[in-house]
């Protein structure tokens, strides 16, 4: 049979996104990112809730209403709350707080390469996400018991396990979120990439916005334990729902329409079968300047953004003197504005990219500079303001933090999808292994910079954030690229396979 010419091939229009399976998969990814972030970033507000009504100096003496007394082994071996009846019955000093806030990222970093390799090699993204969500949910539900009856070392271990099953981050982390990009690669096209990827990770932005107010309200009306129970329940329920809703590929989905399946197959390079026969180009990946540009940029960028959002409740408690409810609201404000920008930047990037006025690399660098330089300026400004300007401080932090979405959605972070679409999983694994290390470095650094929690100590922290944003800006601006690399696509050993599958469906 002679090959069909281009004119004879089926010409497919994009089916409606509303009610489509690709939209359903994207929304499930959004819920996954919400649950993963909610189950891990709530610890900052839990710490505030545990210590409500107490100042930093209370660590030096026996605490009222608590069976905990400060001692040299407190941050490592103390077990608080056994047989107690009050909600504010657990006390952690600054060192213990920093240790536990960083614990998640030990698990996050340790599992990145393995998860990325599994996604690229076997493509079992659904199974990986369900396992991650379930384990994450169970450990969250058990956290109050671990805190009360086992103590800091065991809770640290539980947080490491949560990190192994989750992300710090918004950011496609480990068993629950690392598979999101490889999954979306099969369910999106170049025309819809910005919109659907942005929508999928809007859940993380929503979690950043909603976690602190929700946790503050739960703390006020039902205590800190309820924060863990609610978050864990969400994760377990998502895992059950994913069994029936998420499928790895359009061809495996029992409810996808023929029209949508044809559309996805005709606009993508289906490479899952190729990867089993082609070795990953490790040497080219590891020697690629554009790859290392994104990885190093991500390291400094993540240190600034995650350092801000994790420690904001503690900064507000130490310096700005708001109530716990106000703390929850103001801690969420940066993430609320970031969420609004998140929903705008993806489609805006698609629009600018489609006009082809500039190359993709230039467009990403413009977005990147806006999303890093302006936050740096605002962090430097915050470091110089006195505590009595607390509303100005909150406003600057809100705008500065929210602008990171411009760099995230339109700048450096999704450049891998442009430069090496067939190796996104493994490169993202390398990126997260190195780039997410600040997740366990920053809380410890900040806790050591702020032993007394004074405004002067916190000013050094915000100077550091400004410097981190500045370095992130320069690295990608000078060395970054979004051009397709020569090794970025696996060699096609099954030419004509997609056309044949389309012909069969049309017939």
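Residue positions begin at 1 at the first shown residue.
Cβ atoms are placed via backbone N, Cα and C, with glycine included.
Model, not experiment: these values are computed from the prediction.
Annotated in TrEMBL:
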type	residues	note
DOMAIN	28-484	domain 'Major facilitator superfamily (MFS) profile'
TRANSMEM	25-50	transmembrane segment
TRANSMEM	127-147	transmembrane segment
TRANSMEM	159-183	transmembrane segment
TRANSMEM	195-215	transmembrane segment
TRANSMEM	227-247	transmembrane segment
TRANSMEM	291-316	transmembrane segment
TRANSMEM	328-345	transmembrane segment
TRANSMEM	366-385	transmembrane segment
TRANSMEM	391-416	transmembrane segment
TRANSMEM	423-446	transmembrane segment
TRANSMEM	458-479	transmembrane segment
Interface check, the transmembrane segment (328-345) with the transmembrane segment (127-147), three or more C-beta pairs under 8 A: no
Any contact, the transmembrane segment (366-385) to the transmembrane segment (458-479), with at least 3 Cβ pairs under 8 A: yes
Integer average pLDDT (0 to 100) for the domain 'Major facilitator superfamily (MFS) profile' (28-484): 80
Segment proximity, the transmembrane segment (291-316) to the transmembrane segment (127-147), 3 or more C-beta pairs under 8 Å: no
Other parts of the chain folded back onto the transmembrane segment (391-416), taken as Cβ under 8 Å at six or more residues beyond its ends: 170-171, 194, 197-198, 205, 290-291, 293-294, 297-298, 301, 304-305, 308-309, 312, 320, 330, 333-335, 337-338, 340-342, 345-346, 348-349, 352, 363-365, 367-368, 370-372, 374-375, 377-379, 381-382, 385, 423-424, 427-428, 431, 472, 476, 480-482
